[in-house]
Amino acid sequence: MPFRPSLPRRRPHDRKLKSFLSAVDSLAKSPSPSPAAGAVPAARTPAAYNALMSAYSRAGRPDEVVRLFDSLPFPPTAPLFTTLISSLAASGLHSSAREAFFKLLKSGLRLTASNYTVLFKSSPLDSVYKLLKIMIESRCAPDAAAYNCLISVLCDSQQVEEAWGVLDFMLERGIYPTVRSYTAIVRGYCNQGRVLKAERLVDNMTQFGCPPDVVSYSVLIDGLCRLGEFGKVEKILGESEAKGWTPNAVTYTIYMSALCRMGLLDEAFRQAEIMQSRGVSMTAETVNILFDCLCRDSRFSDALCLLECSKGLSWDVDVFCYNTLMSRLCDVGGFAKVLKLLVDLVKKGIGPDMFSFTIAIRSLCGTGKFQVAKCLLDNKGIEYDAVAFNTLIHGLCMAGNLKGVLLTYMDMEYRNVSPNDFTIALIIDSYCKEQKFVGAINFLLKYSKEHLVPDHFVRLTNWLAKAEGLGYVLILLRKIRSQVCWSVFLANVTQPVMSMYDCAKSSLLPDPP
């Protein structure tokens, strides 16, 4: 029977659907965040070009920023370089950001603290320290923004205590920390799972002369959501007006996304209604989350109809929405519908991305069409990551196709895609499911010469124990002694492996041939 959805208009009583359509309507009526592609400033001045480049940067269009910079009718200024570098860094184009910075160095323009600071955001910690040293040597004194970037990089590197040291250093030099300084540390605590410390810091920020703002609270709410502390989130949102801050679209998006992931779909839609009642503008991310909620609620007919009617709703559907529906259909075994959606995605001119094809590979594996899945993976025009290869390897492993697993792994290496721990675990499982324990041992030892992961040894010994292959445990340990640094192994190996080794050593079972 063909997959024919009923139109949303036939279900006007549906609260979730009405809420979603209202969000789409709100998004369609909001002003476009980005100027039209190919726009040029009315005035041929550095300030006018910088304003337009900044607008493109805020809209996440680094290509347009580069276009304007390359077409400047006058020599670039330091502020224009700053906008270019900032846009490239914010878009993850870190190597391009560094190249632009080196052009700035060669230009002979006098650098300001802002020129260095924008590069901090796309540099690893050691590079940030080097840039700080260069700044000081060139008599360009770091300001609060520069130190805030250093604090942020330290917190991203799990060095929160050292970030506190930078705050003390700032005070010693007469540079007062800002709300961004403390917010970075709040984020650092949350990333470490130390949310209680993050809560206390937010409560104490006013005493430090930097009352928390919407960004500070949004970061804290993100940390609380990761722990499922939704009661605390509700309390923070409920007290927002009394504490002088207003939740924005980012705040609600963080909360609604967490509710959706936890399956609290009704509450996620309720937050969308609260968001609109407070006059907070909807964003594309908000609409995408609500669409995901519909898919998680198994409303596949409605979701598909919404995609088909997107033009009439003035909804600019992107590849994320298709990927969301395809992924949820995979979860419930709707593999044939996934492939149909992939074809529709191509027909509508919405370019499928790597995730689209990865989901398609998963659906093909679910129907046993491994050869077709392999053909998709062989497309050299797509830069697949380890997840895509693991998807096919997992399907082949579940089907007991060891040869296919190993060929896919070899292709992975040939295309310079680094395997991760899940890849290795799947290959160990594939060998052991076929009772080829020596092959599993040899593969693991070869891989472990460069990447010693104790959990892999635990996984293999668990397989050997289940198969009553204690003699193979002795083989494994002997080969480890001869091929892997024994002291490093003993320092990292977990107790189950050594316990199994003791059991095997005392066993009267002969070694296998």
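Backbone N, Cα and C atoms are what each Cβ position is placed from, and that goes for glycine too.
Automatic, uncurated: that is what TrEMBL annotation is.
Straight from TrEMBL, the features:
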- 45-79: repeat 'PPR' (REPEAT)
- 143-177: repeat 'PPR' (REPEAT)
- 178-212: repeat 'PPR' (REPEAT)
- 213-247: repeat 'PPR' (REPEAT)
- 248-282: repeat 'PPR' (REPEAT)
- 318-352: repeat 'PPR' (REPEAT)
- 385-419: repeat 'PPR' (REPEAT)
Helix, strand and coil residues within the repeat 'PPR' (318-352) as assigned by DSSP: 26 helix, 0 strand, 9 coil
Helix, strand and coil totals (DSSP H, G, I; E, B; other) for the repeat 'PPR' (45-79): 24 helix, 0 strand, 11 coil
Local confidence of the repeat 'PPR' (385-419) - pLDDT mean: 94
